[in-house]
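Please read the structure below before turning to the comments.
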Amino acid sequence: MTDPFTSDGAKMPPKPFTVEEGRRQVRSFVLRQGRFTPAQQRAFDDLWPRFGLDYTGAPRDLAATFGRDAHKVLEIGFGNGAALRFAAQQDPSRDYIGIEVHAPGVGRLLNALDEDGSTHVRLYHHDAVEVLEHEIADGALDEVRIYFPDPWHKKRHNKRRLIQPAFAQLLVRKLREGGRLHAATDWADYAEQMWDVLDATPGLVNRAGPRGHVERPAWRPQTHFETRGQKLGHGVWDLLYDRDSGIGNRKGNCPRRPDNPQRPQFSLCQFPIPDSPFPAPNGHRADADQRYEARPRAGRFHDGDVPVRAHSRRRGGIDRAGGLGRHRTGGAGRIVRRFLR
């Protein structure tokens, strides 16, 4: 395989992909420099030929890859691999494919799969969109799982989110009829975008009804990102969609909201939700938003009885001793004014 590091130790980032046709190329990920341990490097050197799939840009015969014809489950962005490893341990009758761009997580999962003696898991260290477009045949997947993708919570970064109309249409093509899409997020705003995109995608039917979510299914363990989000007061939303081209959210075939005739209100059919031994997600969207707004704010202090917010991200900071209207020069020669809030 291609080593995730060059000879001088620099990472080799995957090529960017186009989110929308006709627009500039936008990545849904940024490769952050993380700690790559010697054990993870050895995993790439020794275990990649056993578990890894090199990106070739040509269609791949998955039945030949796994040596059997079984249900194929794809997890996009598996992180440290905890959910993918759990699923492979719980259901060895299925074949699992994982895609991740961050080398440390891939190396960690390679070691875990070797420890488990897994034979039904294969990994890509590449951009998921390119893999789906060029290596996965249409209708080849029984399930796609996307757990806690990067929320890109700043407004100007929302365009980098993975769940976009073009990507949803790509998933519909790759799922077989009757297949399943399972997405999870702990950001209320991202859950809203997922509903906006997926509920309106032809061929996808929300199991929980319009803009609905389900309890955490038995096949998904609690992940690291989920635990971190709950500590910050976030809710968790699991969205399940069935691949059904005959009914559901299609233009001209779906009732529409009276206040907005351009948006579908609900799908024409619903499917039973699988039982889960896990408790329901904590909180509703409104409760999560309230907890988020009430969270402790870093960089706040008081001048007497007047609360003031410090611009802690600017070098040079704020002259806390000055009075109203005082100012000082910032780290880049800027004039940083001080405002009461």
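Cβ from N, Cα, C; glycine included.
Model, not experiment: these values are computed from the prediction.
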Swiss-Prot annotation of region 'Interaction with RNA' - which of the ranges 90-95, 156-161, 312-317 it falls on: 156-161
Cβ-Cβ neighbours of D127 (S-adenosyl-L-methionine binding site) (radius 10 Å): 20
Cβ neighbour count (within 10 Å, all chains shown) around K154 (substrate binding site): 8
DSSP-derived class (H/G/I helix, E/B strand, else coil) of E75 (S-adenosyl-L-methionine binding site): strand
Other C-beta atoms that fall within 10 angstroms of the C-beta of E75 (S-adenosyl-L-methionine binding site): 25
